[in-house]
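Step one of this worksheet: look at the structure below.
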Amino acid sequence: MENAHTKTVEEVLGHFGVNESTGLSLEQVKKLKERWGSNELPAEEGKTLLELVIEQFEDLLVRILLLAACISFVLAWFEEGEETITAFVEPFVILLILVANAIVGVWQERNAENAIEALKEYEPEMGKVYRQDRKSVQRIKAKDIVPGDIVEIAVGDKVPADIRLTSIKSTTLRVDQSILTGESVSVIKHTDPVPDPRAVNQDKKNMLFSGTNIAAGKAMGVVVATGVNTEIGKIRDEMVATEQERTPLQQKLDEFGEQLSKVISLICIAVWIINIGHFNDPVHGGSWIRGAIYYFKIAVALAVAAIPEGLPAVITTCLALGTRRMAKKNAIVRSLPSVETLGCTSVICSDKTGTLTTNQMSVCRMFILDKVDGDTCSLNEFTITGSTYAPIGEVHKDDKPVKCHQYDGLVELATICALCNDSALDYNEAKGVYEKVGEATETALTCLVEKMNVFDTELKGLSKIERANACNSVIKQLMKKEFTLEFSRDRKSMSVYCTPNKPSRTSMSKMFVKGAPEGVIDRCTHIRVGSTKVPMTAGVKQKIMSVIREWGSGSDTLRCLALATHDNPLRREEMHLKDSANFIKYETNLTFVGCVGMLDPPRIEVASSVKLCRQAGIRVIMITGDNKGTAVAICRRIGIFGQEEDVTAKAFTGREFDELNPSAQRDACLNARCFARVEPSHKSKIVEFLQSFDEITAMTGDGVNDAPALKKAEIGIAMGSGTAVAKTASEMVLADDNFSTIVAAVEEGRAIYNNMKQFIRYLISSNVGEVVCIFLTAALGFPEALIPVQLLWVNLVTDGLPATALGFNPPDLDIMNKPPRNPKEPLISGWLFFRYLAIGCYVGAATVGAAAWWFIAADGGPRVSFYQLSHFLQCKEDNPDFEGVDCAIFESPYPMTMALSVLVTIEMCNALNSLSENQSLLRMPPWENIWLVGSICLSMSLHFLILYVEPLPLIFQITPLNVTQWLMVLKISLPVILMDETLKFVARNYLEPGKECVQPAPQSCSLWACTEGVSWPFVLLIVPLVMWVYSTDTNFSDLLWS
């Protein structure tokens, strides 16, 4: 039924043709069941395991690897001789990588689907209905309830469907609907129509929503929606419709894979075409087909060389390390790629309650009457420190601490707060914090009594558990609470009837009253001044109300409660307590004692975090279900708005936002910093608008209602105290529910992205080097310098360790002084592409050069000519060009060992280059990242292992090197550092100056100024080593001459 909240009870019952006392007939139930179906949320049709597995192989990079593995496997099958076993190593290793990758992917996907299933937790199993086949209420399965059923609900029940209340059978009906609306305080319901057809769920006071809990009272109602038509069902549909966006990193890697695949394909085809002339060479037995297959194998080797197989593993490791660091800061990341997405967050949409504020109501101001003279009066105003439930704080008057027992009015005010109260404080030893037991408002009054300590109770030496209610206990020992007149909507107050524990002639029974100021003060005939009772005049009443209005609408927007007493109440026997309509008669002729103002205070650390966000170019938007006045007041206190800033067109209620046309709504999302009184659908709409501006949005939420928006936002952030649905729909969970934790996570995300850029570029330049190496050997006609199994070893192991260690690079000091990076910014810019291409070309040329050195110039080598080396395939005994040359030397393991050793050593030097994008090694020495130094040592140790420990040299087709050969390796490898230092210098001084927020002061050109910040220990270590390496003779010049 549409808009049931706007209809009267009679209209709703008439719509379903049902009587409240008898319920539906079985015939009606059958028809309605056929029309509306079962009252349950349909199970999510998840993808089958096979579909999920196939999905993992849709990535282009993965498909290329798979193709390379299949071709390698086929070629290995037809391999002959000693290489048969080693030929199978390559396809098996690639397949293992792909299987591991698929397992991780499937596991992550499975987790994502659990969010919708978690909604079913909120479906009750049973419901109590009235139907015509029985004369009394009957319990049936909740899924059998249909629209039109008359349902009975009582305290502790879970509401089985969306229900329009028809009658309330207790004084009040309180409902905890926090899972749906995010409201932390239980809501008082009534049966009157709510005329507004566009009312938000918070304002539908005559409706009960499926999945919410009854906190107090008993009532009856008619079911108006079941299953997917309920509010919780609409949330489920929205979640099903929400497609998970790929993170910026995933998009970047997809683009990179696409570019790489095109480049690889072109190079492979080019290598094959270049060598068409060699297909008939004698070494292939003169068979064109065998020649074609041989060069096809080289092209496959090239594909393996070009693909950074270690990249998925290194990225996963880096993100996992990042999540561990974040977990220490109370940010628990559920989805690995979202760690990096945090780094480009440009908007944070945050809930108010519990995230920007403490979610711990606290009294911060109060007043009592000081003097009254006719229509004029003066007030004693006090402020109270402390913003949590901890009973620690002081009462101040004119910024000076006061002793509350010196004011009679404060003693009586504390007595009312302690006795007219059903809540208490409790110390949670496990968490080490004070918590509320009961309602938030009443707990704030309990905490105030502890801070006031009006009877000067000795508190020293008490344990924290005893301290929690020490002062309240003293007051409760003086008077005994006989009964309570519960809160009701008509009088907006509650009261307790108390009698003295030690009866005497002077001490009599009293009623203590608290409630909304306008309701209570209208029923006050007197006011308390000190210990005397003075008649209330119109002037005094006006003065009191003007102060309360100022508190309620000023910069604090406090929630005010008036406190009063009835000094001579009727005796209990004279009261008719069964009918709550009589309660207002007994709460008249009251004496006004004072007023307290409370609020949910902002967290102390939030203001500095909001300031940090502003510095970092991140817009903070508060989105709350609270009213606009309170929301704007909190925004001013934490710095989202300035103290005097005009909030026109910057703060909207959900209703105001809906009334705007689409163009104005876009503008609102572009400029606004506060949305109040919103529904979940508004959150999703705001996220959509922000995404249309290419903003990367982080959205916080804790209720079931927040799940669709959490799923839609790039970064969904659930509260640690939130619902299971919110947590499963989100990418990150805040263990401490604290806004400042989000800002710390954003900072960590930026640092992780910077480090990731470094190791991705490091791995790419390594792969470029390998491609150039294979391309050069093919183009020059040299023997193979590197074989696939060696390339796999380098890509996965020796490169993988330093790449992972680059994830530990220290973050830049000014990381939060820069605006968020553009998510569309390429991973590798034009200049960086040139830079790493240049480095890669050197790596490839040096690797080929090392192999050529052994053939042409090494003392223990064959010393063949360049022509003989480049035409080695024509080597035969009867060829005059190869007279005196043993053709077997072209299959020697030494040149491969030289090439592999140079490749590994250059990569270690390259890892040092990647310590910083543009900072020189002279200013940022290797020990800035001790993990990197350790990983380089480990990688070199592993290289020595495969060189010198049998039978590994046989598997990798290499052989041990002597000292001279190692010196040559160092001579060829070290120039890569000088080369990158030159490129960094160009970038620093000519291409990328001015990217910093703060421009450096101009420096003088003195020698001291130029060497400032240089790490002299590094200089003293490296210079003698380089001089020694290049002073030894290794026939390096012979290679260059040839």
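Just so it is clear, glycine is given a Cβ too, placed from its N, Cα and C backbone atoms.
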Quiz prompt | Matching residue for the Mg(2+) site, where Swiss-Prot names Asp351, Thr353 - out of Asp702, Asp736, Asp799 | solution = Asp702
Self-check item: Same-site residue for Ca(2+) 2 (record: Swiss-Prot; known: Asn767, Glu770, Thr798, Asp799; options: Glu656, Glu659, Glu907, Glu917)
Solution: Glu907
Exercise. Going by Swiss-Prot, Thr353, Glu442, Arg489, Lys514, Arg559, Thr624, Gly625, Asp626, Arg677, Lys683 bind ATP; tell me which of Asn330, Asn380, Asn582, Asn705 is listed for that site too.
Key: Asn705
Quiz prompt | Same side of the membrane, Met575 and Ile955, by Swiss-Prot annotation | solution = no
Self-check item: Spatial neighbours, same chain, of Ser663 (phosphoserine) - Cβ under 8 Å, 6+ residues apart
Solution: none
Quiz prompt | Interface present between the transmembrane segment (757-776) and the transmembrane segment (828-850) (three or more C-beta pairs under 8 A) | solution = yes
Exercise. Would you mind reading off the Cα separation of Tyr295 (3'-nitrotyrosine) from Ile307 (Ca(2+) 1 binding site), to the nearest angstrom?
Key: 19
Practice problem: Report the mean pLDDT of the predicted model across the topological domain 'Cytoplasmic' (1-48), rounded to a whole number. | Solution: 89
Self-check item: DSSP residue counts for the topological domain 'Cytoplasmic' (111-253), split into helix, strand and coil
Solution: 42 helix, 42 strand, 59 coil
Quiz prompt | Sparsest Cβ surroundings (other CB atoms within 10 Å) among the binding-site residues Arg489, Arg559, Arg677 | solution = Arg489
Quiz prompt | Spatial neighbours of the transmembrane segment (964-984) far in sequence, C-beta under 8 Å, 6+ residues away | solution = 835, 838-839, 842-843, 846, 849-850, 853-854, 858-859, 894, 898, 901-902, 905-906, 908-910, 912-913, 917-921, 1026, 1029-1030, 1032, 1034, 1036
Quiz item: How far apart, in Å, are the two Cα atoms that lie farthest from each other among Thr353, Glu442, Arg489, Lys514, Arg559, Thr624, Gly625, Asp626, Arg677, Lys683, Asn705, the residues recorded as binding ATP?
Solution: 36
Practice problem: List, in sequence order, those recorded positions among Ser38, Ile307, Thr353, Arg677, Asp799 whose Cα sits within 10 Å of the Cα of Ser531 (phosphoserine). | Solution: none
Quiz item: Of these recorded positions, Ser38, Thr441, Asn795, which scores lowest on Cβ atoms within 10 Å?
Solution: Ser38
